Amino acid sequence: MSSGKQRATEADYEDEVELEEDGEQFITEDDVLQVVQDDGDAPMDDDDDNDGQDLGEGSSAPVEDNTVQHFTAHTASVFAVACHPTEPLAASGGEDDLGYIWDITDGEVIVKLTGHTDSISVLGWSSDGEMVATGGMDGRIRIWRRVGKENYRTWEFLTELQGPDEVTVREHPPKIFNSHPEKISSFCNIKFLRWHPKGSVLLAGGNDGTVWLWQLPSGNTMQVFAGHSGALNCGEFTPDGKRILTACADGVLILWDPRSPTPVFKLSSDDARFNLDGITSLGINPSSTLAGDIVGTLGGHTEGESIESVVFVDITGSGSGPGVVVTGATDGKACIWDLSTMRLRATLQHEDAITHLLAHPAPKPYLLVSASADKTLKTWDARTGTLIKTHQGHRGPVLGASLGLEGSVVVSAGDDTLCGVWTTEVTDEDGVYTV
């Protein structure tokens, strides 16, 4: 039951309504409290308060986007992407425990790569493009192969390799995830898989410090290398395929002959010539004679930041001599070093950590692509340090990248669940660039 005060209020309200209905009501001079001068400003639109602001990952605000294609099948962060050696295809894998082979021209899914129970963190194509391998945080390595010879539209699961208890390369999470602590637990182990540059042989590093080598398509184990004191951080075949270089978080670097379980040579953190404490990335020059972090100590980066990617760039196109090496780090810098003089040629800058570097193949081997946690990729001329093109479209950090179709396109893996495709060639809209 309503109180007397409530009933009185209701009655007053009804009286006011009756007065308003009886006739028009006017404001007199006695009702005016203050006159406010019109300063000419227009009323604010509903979306004006967000104008020009980056609302971050997952927002509905528009972002600059110069992609030629998107791939949107993933439902969580995409950790790895690789372009097919010759066809307009890419493979991607991520936090949704799934991989895909897809068409980079229209974003069509060719096949879903299933069977993992944890994130797919690395993948790669065999040198002939007939097989693709996926490595998961569940410790599984799964191989898929093309069916028939007519086209690349049909694929089948081939085998799951037996080897290390977990195919791991890092004990610490990348610093680019400091702003995403919820992802650290699922991304604290980054895997590496490397196909032999000339044959159907697959290399992987183990959480127990072992390195495994398999022959495909049989899946037979060819070699197990033991010599590291900790979990593997990185490993590479030399470009000629005759040697294997591996490194771990304890600062041990080993060169192997694939045919022998005994190291060719071994460097550790107590070697006074090099600072090998916590090797996080490797790069080997095209002639297979030099490796980043072996020829000497390269500075240029902010102290305490880690180098996430190393790549050699042939700026002269000759394929000979020590050449140029580029190091990309969590300080957002990519440093270009002349190895003949050990001097810094140029410093390239992103607004956040650099996650990946790619060297462009011939006929333009002097081009370099960098991917960053600042949500962009950039193409540079490594001869001069000139920025050629900025690739935009992501709402989150770019975690991986790969060049396809002889370097004419770059494909990305994003923390925002997207994969993007861009042309690396400069168009009319990009401005003028001459070589």
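Using the three backbone atoms N, Cα and C, a Cβ is placed for every residue, glycine included.
Annotated in TrEMBL:
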- 1-63: region 'Disordered' (REGION)
- 11-54: compositional bias 'Acidic residues' (COMPBIAS)
- 71-112: repeat 'WD' (REPEAT)
- 113-144: repeat 'WD' (REPEAT)
- 193-224: repeat 'WD' (REPEAT)
- 225-266: repeat 'WD' (REPEAT)
- 347-390: repeat 'WD' (REPEAT)
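Per-residue pLDDT, averaged over the repeat 'WD' (225-266), rounds to 87. Same-chain residues lying 6 or more positions outside the repeat 'WD' (113-144) and placing a CB less than 8 Å from one of its CB atoms are 79-87, 91-101, 152, 155-161, 163-167, 186-187, 189-200, 202, 204, 207, 216-217, 219. For the repeat 'WD' (347-390), the DSSP counts in helix, strand and coil order read 0 helix, 25 strand, 19 coil.
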